[in-house]
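Trainee: Next up is a structure, given as structure tokens.
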Amino acid sequence: MTSLVTAGARSRAFMTPYAFLLPALVVTAAVILFPVLQTAWMSLHDFVLFRPRDVPFIGLGNFERMWNDEVFWISLGHSFLWIALVVGFQFLLGLGAALLLNQSFWWRGLARSLVVVPWALPSVIIGLMWTWMYDFNVGVINDGLIRLGLISEPVAWLARPDTAFYAVIVALIWQGFPFFAVVVLAGLQTIPAELYEAAEIDGASRFQKLVYVTLPSISEVIATALLLRTIWVANSLDVILVMTGGGPGYATHTLPLYAFLKAYSGMEFGYGAALALVLTALLLVVVFVYVRRVAREIGR
Amino acid sequence: MTKENTTHRKGLGRRRFLQLAGAGALAAPFAGSFPAPAIAQEVTVRWWYHFDNPQHSPAELVAKFEKENPGIKIVAESIPWGGGNDYYTRLFAALVAGNAPDCAMVKLNNQARLVEMGALEPLDDMLKGWEARSDIAEDIWQLNRASDGKQYYLPLQYVVLYLYYRQDLFDQAGIAPPRSFDDFLKAAKALTKDGVYGFGMRGGAGGHDHWGPFVLGGGATFEKGGMVSEKALAANRWFVELGTKEKVFPPSAPTDGFRQIIDGFKAGRTAMTIHHVGSSNEMVEALGDKVSAVPVPRAPDGRGWTSFGDESNAIFSASPNKEAAFRWISFLSTAENNVAFNGFTGQLTVTTSGMADWKLHPKRFVTASEQSLAIAGVLPDSPKTADFVRTVWPTNMQRALLGQISPDEMMHAFEKHFHG
């Protein structure tokens, strides 16, 4: 009798944490796991939305098609360049802004709030705003460059294959750098002042202080922010969609945009799902590194 | 002690709740039985619409209809248009999920897809008993008929694309508005100077409306082989070269959309462009008498083609309230209601009686629209048309304009899209 009670209590104690976790697990399964499995299942079919009664199973047919699809390779190449340039420049700009905002000047409070504005704006607004700034006929960028004498006639920034991609990248860098600025700024404030004092006594220059004190102290923060941002940027398509819709030609196609266009314009959900799955697989590598870092930090 | 009290109180609470719930459950059938007859008769019709100007609302029309048709309640849901993509993505998703409205505003370029899904209800039987049917011109019925011969769409409004031109610039140059392709090229070349471009071409989504008059008008068709015939290839080469060789398009043409072509024309950066009566009031506000319109130019053999911009209402086959839905959509296509509706959208009424006394647009633009009806056409009734309009046409047109592919390769891509 006694042993029975103890066994019951022990199993209850064992189950309790899982019972508490259950609601979260059920929700996660319903809104993440199930759609992922459904996407994987869909990618094995020739599922076209306006033919809901005729969905043949085609195995790896969609992936085979992708292998031979020129646009897939163009989009994939663009995606890598997109992530490298956007995340890289957002980081550099964010680091610079954070270092400036960490100085003391009388309107620092105002500057710190203003720098968050691009981050707080909805992506669609940012897309439209930059589209009009780049506009060939009435855009402020062409107007400014002509007045400064840097160009003699307006440039169709978003209509030229050699400029469109970089023009969109500039808009996205502008949108995302405040994230780095805020995260790095928070990191900077955790650095003990004694470290700088010690460096000063050793006769370190400003640059040496940055390289030997500041950056090592916030390297953890930077690494986490870079990983997180890579995942977001790799997935983002809203600004491109608004600014160029992927054009001119395929000049601004990235993988998520191509998957989106295939699914929602072509209504080829099967092929769109296959494209999205490849993107997910590539991103899982980054996610894996990120989750391991976070787990390690929690473990400490 | 405290713990016991709490438990006790809680227990009481639960018991009390159960008592109340039980009483409620017992009372429910009685509560329901009294107002039931009125509710049972009341039918709710869900209708999806989109207006370009979000400040416009069909509330007055809904109120008028509900007053005339007691027992039918209209739930008008404004759905974001997003160049058509947003609207149709929502519509198709709702249809597949079984949560579609009873009826909705629809365009011809998605009719074939909807028919293939079995989503549309044929209206032929209901139309037989509709007295205002003859107030809509036969050619409009004809254009809206599906390829299986059935009438799924009840016409609501229309526009026809024509050529806007700058009267003052043409007068200064001493040339008349173009009637033929040759006239058009001459005029575009003469007017391309001093930062002004002859033709504000739309290379972004929706730009097939600018390509159609010259290439479909010039002999290309959507039949098998129709895009790659000698005549079709030559017409397309001529059109692409307007941009690449003659340079009468602004450099931004490859990605210019609706807003850019209209604003470029209003700002005096282009001398001609193609659009419909929906933008005429805005044009006149900016340019006054300096802007006028004629039908799009015709091919050397006298053929022509221009886009018929349609909008209809359709009823979905899954709707349990088809009769009531038909009453609502036919109400919207009846004379003065249809005129009021077009007041919100800025397009033209489909009713002959409504057209007789038209005040919403300056006369010269309505005349250009009416004169264009003779050559107005629609893209093929095929499930592939929507994707052609949204991605295949813009992508290939842009690549051809930028010299990434040849004009002929562009036409082969179209042929492949429709016929494999």
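Including glycine, each Cβ sits where the backbone N, Cα and C put it.
Annotations for this protein, taken from TrEMBL, read as follows:
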{"type": "TRANSMEM", "residues": "A:20-41", "note": "transmembrane segment"}
{"type": "DOMAIN", "residues": "A:76-290", "note": "domain 'ABC transmembrane type-1'"}
{"type": "TRANSMEM", "residues": "A:80-101", "note": "transmembrane segment"}
{"type": "TRANSMEM", "residues": "A:113-133", "note": "transmembrane segment"}
{"type": "TRANSMEM", "residues": "A:164-188", "note": "transmembrane segment"}
{"type": "TRANSMEM", "residues": "A:209-232", "note": "transmembrane segment"}
{"type": "TRANSMEM", "residues": "A:269-291", "note": "transmembrane segment"}
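Help me see these features in their spatial surroundings.
Mentor: Outside the transmembrane segment (A:20-41) by six or more residues, the chain places 273, 276-277, 280 with a CB less than 8 A from a CB of the stretch.
Same-chain neighbours of the transmembrane segment (A:80-101): 108, 111-112, 115, 165-166, 169, 172-173, 176-185, 187-188, 210, 214, 222, 225-226, 229-230, 233-234, 254, counting only residues six or more beyond its ends whose CB sits under 8 Å from a CB of the stretch.
Outside the transmembrane segment (A:164-188), and at least 6 residues removed from its termini, the chain residues within Cβ reach (under 8 Å) are 78, 81-82, 85-86, 89-91, 93-95, 97-99, 101-102, 112, 115-119, 121, 123, 126-127, 130, 134, 157-158, 214, 217-218, 221-222, 225, 229, 232-233, 236, 239-240, 243-244, 247-248, 251-252.
Within the chain, the transmembrane segment (A:269-291) has long-range Cβ neighbours (under 8 A, six or more residues past its boundaries) at 36, 39-40, 42-49, 55, 58, 62-63, 65-66, 72, 79, 224, 227-228, 230-231, 234-235, 255-256, 258-260, 262-263.
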